[in-house]
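The annotation active site, proton donor is assigned in TrEMBL to CYS134. Marked as active site, cysteine sulfenic acid (-SOH) intermediate by TrEMBL: CYS137. Sequence annotations record features per position, and here TrEMBL assigns disulfide bond to CYS134-CYS137. For 97-179, the entry in TrEMBL reads domain 'Carboxymuconolactone decarboxylase-like'.
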Amino acid sequence: MSRMSLAELRDTLPDYATDTKVNLDKVIGNSTLPDGIVWGTALACAYAARNGTVLRAFDAEARQRLSAESVSAAKAAGSIMAMNNVFYRAKDMLADPEYDSLPAKLRMQVTARPGVDKELFELWALAVSAISGCQRCLELHEQVLRRNGTSRETVHEALRIASVVHAAAVTVEAEEALAEGGA
């Protein structure tokens, strides 16, 4: 499949998703934050949102704005947090504190050496955790970020990016499903 730009992605959204269209521009396209924050967060979130069309659009945009190392690290954030969010959210759902005494025994080396600034990777992990709904991961990454000097406003912007990417992915996925079904 061909890759589309953010503008093309926005234009494919139906009229009922006007708020999402506007927010793609407002929150992502016209952000005043550094590209590493905006496009790395958007790409990691596109991985978490699991829609191929949206992922390809954000991947194409990120490759134009980020280094190859940053693109790879954003993908790694999406990948590792897919595992961690399920694992830690499930342990919390079990509501048995004894599970917290058991070691994860899952390889998570990329979190120690992500190939980019650790705070940037933490921000991407936080945004992915918001999409996945893992409270423990969300709180942990926010605490690390705040302790290391990341502002609440930057954390807030990452959450806004996550919400807009997720909304675009849900909308595109629904429209693709309807189109396949002949609706």
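Every residue gets a Cβ built from N, Cα and C, even glycine.
Bear in mind that TrEMBL entries carry predicted annotations, made automatically and left uncurated.
Note that this is a predicted model, so its numbers are computed, not measured.
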Other CB atoms, at most 10 A from the CB of the residue listed as 'active site, cysteine sulfenic acid (-SOH) intermediate': 22
The residue listed as 'active site, cysteine sulfenic acid (-SOH) intermediate' - helix vs strand vs coil (DSSP): helix
For CYS134 (active site, proton donor), the number of other Cβ atoms found within 10 Å of its own Cβ: 23
